[in-house]
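Lifted from TrEMBL, the feature list:
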- A:5-26: transmembrane segment (TRANSMEM)
- A:32-51: transmembrane segment (TRANSMEM)
- A:79-99: transmembrane segment (TRANSMEM)
- A:111-129: transmembrane segment (TRANSMEM)
- A:136-158: transmembrane segment (TRANSMEM)
- A:178-203: transmembrane segment (TRANSMEM)
- A:215-239: transmembrane segment (TRANSMEM)
- A:266-286: transmembrane segment (TRANSMEM)
- A:307-327: transmembrane segment (TRANSMEM)
- A:339-358: transmembrane segment (TRANSMEM)
Amino acid sequence: MRRYFYYLILVNLFTNLVVYVPKILISHRYNGVLFSILIGTLLGLFLMYLFTSSMEKFPGRTQADIVSSHLPKWISSPYLFLVAILFFGTGYLILNAFIEVSKRFINPDMPNLVAAILFTSFVIAGAAVKSDRLLYFLEIILFFNLPLLLLVLVLAYINPFLSWDSIRTLIPQARFQISWESIGASCYTLLGFFYLATFNKFFSGKGSYLNWYRMILIGLLGLSIVLTSIVIPVGVAGIDGINSYVYPWISTTDSLQMEYGIIERVLFIFLFFHICISLIGATVSWHVSLDIFKAILPKIKFRQKNVTSYLVSFVFFVGVTTTSITLNIHQQLQIAKVYYISLIPASILSVALMYWIARRKRA
Amino acid sequence: MKINTLFTSILMLILLSLTLTGCGFKDIDKRNFVLAVGIDPGEKEEYVKVNLKLAIPNAEKTKEVRDFTVITEEAKTIAEAVRIIKSRVDKEIDFGQLKTIILSEELLERDLQSVLDWFIRRRDIQQISYVALSKTDTINILQLSPKGEKIPSNNILLTFSTTGTKSSYVTTVQLYQLRRALVEKGTDPILPIIEIVQEKFRVNKLKIINGEKENMLDLTPEETKLFNSIFNEYKMGTIVIEGKLYFIVALDKMKTSYKLVTNTEKPYIKYDIIMKGFIEESETELKSESLPKYEKVTSKNMEKRVQNLFEKLQEAGVDPFGFGLRYRATHRGSKEEKMEKWNAIYPDIEFRVNVKAEITGTGIIE
């Protein structure tokens, strides 16, 4: 089952192209974004190592299970509640970005509310299935979408009109000033390992998730995806012009052309990738969030059935649909910034706690 | 459990049916596809005249289907003009197929960025549309349908794209490239000029615009050809060598690279060109033993011409090659500081062009 661990990492890597990460990185292009990206990915990689090596000590158990059996309830419940909220946040941001994009590019005549209801119900239905089925689903989605992403990236890099001088202009700006937003945003792309909170239950105890060369490979892949997410838009739209695009990656792929291909406007290929990755990314993170909520919330019985997860799903549903009609994209972007900044201390704390529990178990 | 699954699947089906909306509730026969847009300055001050070339769909596939109509409207902005045009047609106007944007040369006296704003902002307009400049009213360009054109507006499209004709005289500029060069400090946009000659289109001239200082420069067809072969590393170009020997070199390899040296007392740009080709036509007898001699003549000739082109651009104060952007890419400091420094350097910078020509043969005859 180890390959599913890489799918979880990959899906989080790719969602960074469809959420607000490129937009945040681009807004810091004049003040040392490259340095922040480097710090962010190194931090993400370090946390990945600590977290996976701690979870390996508890084969077949989920994070909620481990934490509540090793810590007193008054610490474990608020902690897990916070973690679940953060997982909800990931899916929330992906879904909201996707609703905006679908309104703008896929079906402009569909009201925001209808789109929100449609996509949220889809994601909730997906998040409610059993964990192993979700993993199979994830595998199929990635299988169909990886070639599309590769095609878009290859077309972007071989485009003869890509302005490499604009991209090179990023380098002299990389002075040693860092911004928390861009560190958080680039760290976020490598945080796919947190999904092990639920999916660790399939880990048999044999072998390990990572070794040093896999870590280097994942680190390089992560770094190149994060760099690509800023380099290609800057090369296509120019370092001075890119900031005015609200959806940098969509406008960028619209500037790519495949003259001899099946479809000339590369935008549509990217949009298809966008739809699939957004929906599966949101589904996976909400599945984990629901799973943790189920573990910590009291069981509410209705006709002898536990309806806690339905209630939580309903809260998710209301959360997305109401904000999708009340907040505009700039307010969403502000929420995303706050979320990415808060991810840094939250993930360090969370990983440190797990590491401490694992150490104590060994002792 | 079984009822639960049934319920879920029915729910999913209902939800899925919501996506079956077709083309945003408007079918293809209720749409008017815009093939080309022409923008002219309006008769009133600050007004723009918008010409839309609309396709008339035809069910029968006859020999030459060339039905189209051009609608013209004048308003303060492009968006307003399009709104008025919408009230004049019966179907929804669809810009999804728009690939050609023709701008009138007189528009350049205004702020080009504000003219382009509408095109960039619209989600349905392709960023890969071709942009060209017209010396006359753009309606003339839109209304011309040269013989042999099977689909309206296809002629312009094939001229600019590489799927049709390939010519080293044609400069291709797409919407996103124009916008990038316009906004980017340190590089200036170029636009091809489209004309009508003998009921056919002709694209062999180039205009370079400097947005801030309002300098403009027209290149002659000969200069345009040279510009294209070094700017786009255009491989299929030809070079005419005149003088004691007269021959034409057809290129099949063109590589350029340059270095910007500003830390010496006299800053210079070292421009290297490596080209490879064969002789396509000659008026004097050529010998394959003396190929090195021809190579030397070609190199010298080319060096001089490129040097002259660069100096002409420099004199006019335009920088389409983006030397200024290269300066920004290799120096530290804030954007404004660097641009100020560069603007002081550029008028006096020296060009050192170095051409390495290789001639592989004299064609299939000697």
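The backbone N, Cα and C atoms fix where each Cβ goes, and this holds for glycine too.
Curation does not apply to TrEMBL; its annotations are automatic.
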Any contact, the transmembrane segment (A:32-51) to the transmembrane segment (A:266-286), with at least 3 Cβ pairs under 8 A: no
Surrounding residues of the transmembrane segment (A:307-327) on its own chain - C-beta under 8 Å, 6+ positions past either end: 88, 91-92, 95-96, 99, 112-113, 115-117, 120-121, 124, 127-128, 286, 289-290, 293-294, 297-301, 335
Folded-back contacts onto the transmembrane segment (A:111-129), same chain, C-beta under 8 angstroms, at least six residues removed: 91, 95, 98-99, 102-103, 137, 279-280, 282-284, 286-287, 289-290, 309, 313, 316-317, 320-321, 324-325
Top partner of the transmembrane segment (A:136-158) among A:5-26, A:178-203, A:266-286, A:339-358 - counted as Cβ pairs under 8 Å: A:266-286
Stretch of maximal Cβ-Cβ contact with the transmembrane segment (A:178-203) [cut-off: under 8 Å; candidates A:5-26, A:79-99, A:215-239, A:266-286]: A:5-26
Beyond the flanks of the transmembrane segment (A:79-99) by 6 or more, those residues with Cβ under 8 Å of it: 15, 18-20, 63-64, 67-68, 71, 112, 115-116, 119-120, 123, 127, 194, 197, 274-275, 278-279, 281-283, 285-286, 288-289, 292-293, 295-296, 316, 319-320, 323-324, 327, 332, 335-336, 339, 342-343, 346, 350, 353
Long-range Cβ neighbours of the transmembrane segment (A:339-358) (under 8 Å; 6 or more residues past either end): 21, 24, 43, 47, 50-51, 53-55, 57-58, 63, 66-67, 70-71, 79, 82-83, 86, 89, 93, 180-181, 183-185, 187-188, 191, 194
